[in-house]
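Down below is the structure, laid out as structure tokens.
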Amino acid sequence: MACSPPVKSIKMENGDTNLMDEKTNILRKSLETIELGLSEAQVMLSLAQHHEHVEAEKQKLRAKVRRLCQENGWLRDELDATQQKLQFSEQRVATLEEEKKHLEFMNEMKKYDTNESQNPDENKEQSESSTSQNLDLGFPEDDEEPSNPEALSPSQPSAMAQAASGGYEIPARLRTLHNLVIQYASQGRYEVAVPLCKQALEDLEKTSGHDHPDVATMLNILALVYRDQGKYKEAGNLLNDALKIREKTLGRDHPAVAATLNNLAVLYGKRGKYKEAEPLCKRALEIREKVLGEDHPDVAKQLNNLALLCQNQGKYEEVEKYYTRALKIYEKKLGQDDPNVAKTKNNLASAFLKQGKYKQAELLYKEVLTRAHEKEFGKVGGENKPIWMQAEEREENKGKYKDGQTPPEYGAWHKTTKVDSPTVTTTLKNLGALYRRQGKCAAADMLEEWAVRSKKNHEKSKLLVSAQHKQ
């Protein structure tokens, strides 16, 4: 009988196999856990390295911010110092200009005294010549009011900035440089302003290309600096280049194109090239009429420029037409008390004088003085009379005073110098010259005397305000 294998032995072998499987599973799980831990350790190590890199970059950026803040502080200090110097220079220039104008005025009075015995026709011609000198207001910048033609250099900062921007907003990257150049140029520090412009222009052309609106803006700024230096040829070339860029990038009917055309017209006008300037000014007018509308104040400013060009060519009928239209726009859009209304009335009156329309010119002068009086003292009536009425009363009563007896004073009319003083002063002088032409010497003397007082009072007010600001 055969022997069968022991049952106990077979059970033990099965048990060993199960034990080995369990140990294998445990080892496999342990291995997986170890691999997972290594992977997580690598991730943590990478994150730690990335964090260190971010912290290093953050420190670098903080250092850059500190440096930029320091540079900004230096620029602000320099700008403050520049503005203080500019204010002082403007005060000195204003004082010298007023002294010069006073001396010129006194010299004109001497002419009248020495020529009283001459032929009346000769006196009339001299009076007309003197009046034309007083009325020659020059060529304004884009968005700048007429000013003395001799005061061409340096430009006022605000006027130069407006002419440079010309309807195209100065980009942020150029704004600080633009302001610095304007400040330096207004002080006559061209040795600083010109290199700044050239370097900025070179950088812009490298980064943005020549045909870019920002390049045109810098060309405009540099052109105005050159113009203030009397380098008209260089300024003209730059403005023509800027005009081509703006026409190409912004379109032929963009306000910035109109501004550049106007600046070119102003440049030609200051060089006496009125015929070349007139079509440029007319095109600028057409653009502004198309873009802004026919009754926009900027259109009126362009009409004033065009009228000045025509006036220097003797086209007085066209001058009258342009000034009349500009006056209507100002009265409609800005109101009767806006300074531009009085200035345009003065300009229109000069056109009337050139055509021999003395009555119309006289009425305009009286309107300006009456409006200034009403603004200061209230509606005219009774004893509340504007200066021209008082002057005519003095003329009527001049025979009533005995030898050596002086006529009475007429109150504090000079207070109206607070109302658009330069225009009021010019009106007093022009109406005084017109009265003298008509033989009304007493009335003329009174207005011319008050014109001198107006200048002095205006200058005192400016110095007082400046002193208060300094305190």
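Every residue gets a Cβ built from N, Cα and C, even glycine.
According to TrEMBL, the protein carries these features:
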type	residues	note
COILED	51-106	coiled coil
COMPBIAS	153-164	compositional bias 'Low complexity'
REGION	111-164	region 'Disordered'
REGION	395-415	region 'Disordered'
REPEAT	216-249	repeat 'TPR'
REPEAT	258-291	repeat 'TPR'
REPEAT	300-333	repeat 'TPR'
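The DSSP breakdown of the repeat 'TPR' (258-291) into helical (H, G, I), extended (E, B) and coil residues amounts to 31 helix, 0 strand, 3 coil. Taken through DSSP, the repeat 'TPR' (216-249) splits into 31 helix, 0 strand, 3 coil. Break the repeat 'TPR' (300-333) down by DSSP state and the numbers are 31 helix, 0 strand, 3 coil.
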